[in-house]
Amino acid sequence: MTTEDTEILLITNMTFIFIWTLLCFTQGEKIISLRLQLSQTVSIDCKVSRQVAHYSGSNYYLAWYHHKTGEAPKRLIDRTSYRYSGISSRLSGSGAGNGLDFTLTISGVQAEDSGVYYCQSYHSSNVFTQLDVGRDVHPSLTVLPPSREELQQGKATLMCLANKGFPSDWSLSWKVDGSSSSSSSISSSWEESRSPGVLQEDGLYSWSSTLRLPADQWRKVGSVSCEATQGSQTPLSETLRRDQCSQS
């Protein structure tokens, strides 16, 4: 996988690894994706815009890190190819010898390899890579209505919960009476917020989204729907009708 590719998609059987590489350079961001089977070998390339400080021989001051949710980043490789103590021999670092092109190779990828990877040089921008390990799973959706107490205060907050899905890039959006909440003529007084995916102990993700609007506008609504989308997969939707809510 190189930083010059636009997208790579390799599909094998039912269990996949998803990798998104976000390159932060002056010319802007570029996303590269790679999808392959568990236990395969993956190479993540880091290309910098100017030469990294030289250390010795073919090694330069380029390090690789691994970051898992809720934990401090762990340094894997230092000075291009020096593996830190306790780091699995499945991980190795290398360089082209020109101070510009570097590679992290993970052999026999395992679930424990999930997280965010990035390379860091002595002077340059970072290269971030998110690695998700698992199989495609559709999340379950639940839409929660506003509380009676909140409505008495003139406000209405609806919450959409998406539980146990994979991979991590499912996104949530709202529809009000069949139309996007942002397209409503009165949506200027509405507010949407979304949380990023949270990795659970079982390797699946959970997300949430809220829709806030004045109570008087909520009372004019017929139904609201929460829609979950991910790539080319069929969208999922859960609808709540206002007349189902006893406190409305």
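Keep in mind that glycine also has a Cβ here, set from the backbone N, Cα and C atoms.
As annotated by TrEMBL, compositional bias 'Polar residues' applies to 226-237.
As annotated by TrEMBL, compositional bias 'Basic and acidic residues' applies to 239-248.
The domain 'Ig-like' annotation in TrEMBL covers 29-134 (among others).
In the predicted model, residues of the domain 'Ig-like' (139-237) average a pLDDT of 84. TrEMBL lists 139-237 (among others) with the feature domain 'Ig-like'.
Marked as region 'Disordered' by TrEMBL: 226-248. Per-class residue totals from DSSP over the region 'Disordered' (226-248), listed helix then strand then coil: 3 helix, 10 strand, 10 coil.
What TrEMBL records for 6-25 is transmembrane segment.
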